[in-house]
Amino acid sequence: MNGSADAGPRPRKYVFITGGVVSSLGKGILTSSLGALLRARGYRVTAIKIDPYVNVDAGTMRPYEHGEVFVTADGAETDLDIGHYERFLDMDLSRGNNLTTGQVYLSVIQKERRGEYLSQTVQVIPHITDEIKERIRKVAEEQKAEIVVVEVGGTVGDIESLPFLEAIRQFRFDEGEGNTLYLHLTLVPYLETSEEFKTKPTQHSVATLRGVGIQPDILVLRSARPVPEEVRRKVALFTNVRPGHVFSSPTVEHLYEVPLLLEEQGLGRAVERALGLEAVIPNLSFWQEAVRVLKHPERTVKIAIAGKYVKMPDAYLSLLEALRHAGIKNRARVEVKWVDAESLEAADLDEAFRDVSGILVPGGFGVRGIEGKVRAAQYARERKIPYLGICLGLQIAVIEFARNVAGLKGANSTEFDPHTPHPVIDLMPEQLEVEGLGGTMRLGDWPMRIKPGTLLHRLYGKEEVLERHRHRYEVNPLYVDGLERAGLVVSATTPGMRGRGAGLVEAIELKDHPFFLGLQSHPEFKSRPMRPSPPFVGFVEAALAYQERA
């Protein structure tokens, strides 16, 4: 940590973030923002998300219920908050950074079956709580973190969270008061009718937290508008928290404002003080510039996302963030027009895409809306509108090209039509004998070998890159030569994949198009505010150019 080099190693610090009153207050953004403030002070930080559900991971959950599944470099299917952590901290996390009830109980039961608890009665305390603490410490050690920020999902008072709250309570007993900090995020509603903030829900939430043995050191009050100083002092008095340790987190236009807003109020210094750390002035210049561009862009461009889950934008959270990062890089604001892919099957496409300068077809599963996505890809190809296809979006582009350019009537994916005469998209050979759904796809970082002279090579500026993946189907290698003869450019492959000759198709593009790119990977998962994804930067740049021509 910061300080004298001869002071010797210092104890690791732990910050535990809980939430009260209602769920979905933004604990993930608060955790990410605090992590960013500590990183800006030069500390090595990691963040862990605790999810109290019994699922082992988020891989099989419905996007409409849980939002996107974020994939880590090591192939874990995790909660979307892990994506927030990676973007704000600008670092790769791992499967250990998302801890679930399912993982904990599965591990404890397996240990019991192996005889590791021989002669013991296995109980929530100490066996479950010890497993939780062991997993948190293991991540901290593996990632060489000086400060570990742990978000406890759910709401204080939920029965599912009790073992985790007990485990983090024990951390103070194990590590000492100066090495642990409890931060509680809670709702302070503002009543328009009486024009006042109501603090009673927060008081009850803190009382519930104290009932399980945790006295919060810091409170962050979530509200639609800034909570005034006198209200914060009242909350401090009734919750036994220092007045200078109660902060306001109002709704903001851009989430990248949150670290700046909290730092301006002194949250970073309060955490330093509570953990016995030296005062360090953070370097927040990037965040300040990013917010300036978002609030005062030089240009604005509209992109259509033709997807299946358009009524739940969180299902495409990393896509939206990657577009935002690309917009910042191009000093532009990216507006998104949500287009229900199913509606495109019979829609007037001129009307559906009338005011957009780019079309993006995201990843997804299932047959619903597929033909609408095919029509969107055809429209982009024929009208020379910039097109970016992600995962399924690449497969859609190949299906459309095969049908309408290569002359393969009825071409399709075996996922949607098992009896198609031309299975240009087919199940990967490695997936033929896979049983079960959870964690069984081609997941995580895989290498892409890029062909020189292609659009993709211009975007990345190198011949091999790593990108995240999450798929079971691929471009059928038996059709690649014929598609290339018809004019499709295979601009990247993964070398050495079994039974594929030149390798699994990772990217396709068109020569006679200003920007038509399909990627089997999910580059949005590696896009960061400081290091935006090259395909997204190029896509937004092309959309801006198209807008100027139009």
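In case you wondered, yes, glycine gets a Cβ from its N, Cα and C as well.
The annotation in Swiss-Prot ties TYR64, GLY364, LEU392, GLY393, LEU394, GLN395, GLU415 to L-glutamine, and of the candidates under consideration, ARG299, ARG472, ARG485, the one tied to the same site is ARG472.
According to Swiss-Prot, SER24, LEU25, GLY26, LYS27, GLY28, ILE29, ASP81 bind ATP; the candidate from VAL235, VAL241, VAL246, VAL252 that the record adds to this site is VAL252.
Neighbour counts of Cβ atoms within 10 Å were compared across the binding-site residues SER24, THR202, GLN395; the minimum falls on SER24. Long-range neighbours of GLU524 (active site) (same chain, six or more residues apart, CB within less than 8 Å of its CB): SER318, LEU319, GLU321, ALA322, ILE390, SER533, PHE536.
Cβ neighbour count within 10 Å across all protein chains ranks GLY393 highest among the binding-site residues GLY26, GLY28, GLY364, GLY393. Note: the Cα of LYS200 (CTP binding site) and the Cα of LEU25 (ATP binding site) are spaced 17 Å from each other.
Taking a C-beta cut-off of under 8 Å and a sequence gap of six or more, ILE159 (CTP binding site) has no contacts in its own chain. Taking only the Cα positions, the spacing between SER24 (ATP binding site) and GLN395 (L-glutamine binding site) is 34 angstrom. Long-range Cβ proximity for TYR64 (L-glutamine binding site), meaning a same-chain Cβ under 8 A and a gap of 6 or more residues, is found for TYR309, LYS311, MET312, ALA315.
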